[in-house]
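S.K.: Quick one: this structure, given as structure tokens, is what I'll be asking you about.
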Protein chains: 2
Amino acid sequence: MSLAVEEAKKAAAIGEVPIGAIIVYKDEVIAKAFNLRETTQNATTHAELIAIQEACAKIGSWRLEETTLYVTLEPCPMCAGAILQSRIPRVVYGARDAKAGCVDSLYRLLNDNRFNHICEVTEGVLAEECGSLLTQFFRNLRAQKKNQKRV
Amino acid sequence: MSLAVEEAKKAAAIGEVPIGAIIVYKDEVIAKAFNLRETTQNATTHAELIAIQEACAKIGSWRLEETTLYVTLEPCPMCAGAILQSRIPRVVYGARDAKAGCVDSLYRLLNDNRFNHICEVTEGVLAEECGSLLTQFFRNLRAQKKNQKRV
């Protein structure tokens, strides 16, 4: 998870909401990514989705069996859906997302046996660090906007 | 929707599950796509997701305001999530997907006011044609497998 936190910091450094993701396949990191929505102006470029695409390319299959996804924030519906689509067996996340989280907060999409895949989920790993990156980012953003208004 | 059906037929022609999507922006078709999961071996290459990425590139923004997405099958959780992320205001789909549909069947992700976006949804447009493309595709696939076993 500390590698995912490093990715999230790279996002913050370029003004992106700091969320990072890592995919591990048989003890090897095969994908690293951070949120790039503003840079790319592409709504699908969340950290998890970029990492899943990278991992599929690396493994050469849409089935990401024997992988674990580490992500700093609880996945949104799009990313939770992409986790199901790619059959990732294990997901570890940091902080909960009370507004859009679809693993535990609003829905439990990764644990619904009506879908053709179910994940093993671990939450709360480095949760404080993952969450405070986000809190700090938005605090700075608000301060900047306030300063801009003054100028 | 007939354009989306044409896209779905292109998928079937190359052995992909026949699902097609179109995005219209101010009366102009700005993106056309069909499911490419087997060809790309990338779990995220559903018709809707490819079309959304194309449309973002075309408009130059992750916000797809003033657009309508037409898709032959009810979106899965990943694609419903991508619709929310890209703020598409209107979604029109053909057939329901009882096994994975997240617009009406299993969940109503596009009409949950806890998220920061809600869509206007129309279902059942050319539903029979959209659905029978899929039924026929899977019927052929089963017949092929049966024949292969015999050989």
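Each Cβ is built from the backbone N, Cα and C atoms, and glycine gets one as well.
What TrEMBL records for this protein is below:
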- B:E48: active site, proton donor (ACT_SITE)
- B:H46, B:C76, B:C79: Zn(2+) binding site (BINDING)
- B:1-104: domain 'CMP/dCMP-type deaminase' (DOMAIN)
S.K.: List, in sequence order, the same-chain residues at least six positions removed whose CB sits under 8 Å from that of B:C76 (Zn(2+) binding site)?
M.R.: B:H46, B:D97, B:A100, B:G101, B:C102
S.K.: Between 0 and 100, where does the mean pLDDT of the domain 'CMP/dCMP-type deaminase' (B:1-104) sit?
M.R.: 98
S.K.: Cα-Cα separation of B:C79 (Zn(2+) binding site) and B:E48 (active site, proton donor), in Å?
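M.R.: Distance between the two Cα atoms comes out at 6 Å.
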S.K.: What number of additional C-beta atoms lies within 10 angstroms of the C-beta atom of the residue listed as 'active site, proton donor'?
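M.R.: If we count other Cβ atoms within 10 Å of the residue listed as 'active site, proton donor', we arrive at 30.
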S.K.: Could you give the number of helix, strand and coil residues in the domain 'CMP/dCMP-type deaminase' (B:1-104) as assigned by DSSP?
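M.R.: Going through the domain 'CMP/dCMP-type deaminase' (B:1-104) residue by residue, I get 38 helix, 26 strand, 40 coil.
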